[in-house]
């Protein structure tokens, strides 16, 4: 159970958060868009005409950013266990990514033409206990990595949220075994006290 004091502090921080205000003013659905935008501006990994797969897309902020960049010549495929309000130009599949049926459907959708970018902002429902939350998060990261390896073009990019803790170093090693380029980003919109960081990988190693 969340203590009233903690809940009140979170609400106060949320209301006064500069990125929340910017998102509301710009019509974005979440403050997390500024994490993505910062890294895109730095690394230029989404471009006009790209095909993008957005995993854990709800409420749709990252898909909003992606479709603006790829334009009508590109494509954004979004998926989440939660529904999202339609976004013009974005194809949405609702379902649990950990279920074989949803995973295989996404593979079928993307196999006809490989994707240029796989995004994953997936996170489990948090219990507040790191011993439970981090393993669940790592499982989602590993599933997203597997999807990226199977669906990306050789020079495609994989951008994934990862929580630092048990299994983090091992996941980075997994990424390095599959991609020639792996870097860690901590965007300004990611709160300093948060253990989340983002991995950006590219140059898929051919087996």
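Using N, Cα and C of the backbone, Cβ positions are placed for all residues, glycine too.
Fair warning: this is a prediction, and the values are worked out from it, not measured in the lab.
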Problem set entry | Residue from 80, 108, 133 that Swiss-Prot also lists as binding S-adenosyl-L-methionine with 60, 62, 96, 121 | 80
Problem set entry | Number of Cβ atoms other than its own within 10 Å, given for residue 60 (S-adenosyl-L-methionine binding site) | 24
For this session: Counting other Cβ atoms within 10 Å, pick out the least crowded of the binding-site residues 80, 96, 121.
Result: 96
Problem set entry | Secondary structure at residue 80 (S-adenosyl-L-methionine binding site), reduced by DSSP to three states | strand
Seminar exercise, completed: Cβ proximity for residue 62 (S-adenosyl-L-methionine binding site), under 8 A, sequence spacing 6+, ordered by residue number, returns 30, 32, 33, 36, 54, 119, 121
Seminar exercise, completed: Close in space but at least six residues away in sequence, with Cβ under 8 Å from that of residue 161 (active site, proton acceptor), the same-chain residues are 120, 121, 122, 123, 141, 196, 197, 198
Problem set entry | Where residue 62 (S-adenosyl-L-methionine binding site) falls in three-state DSSP terms | helix
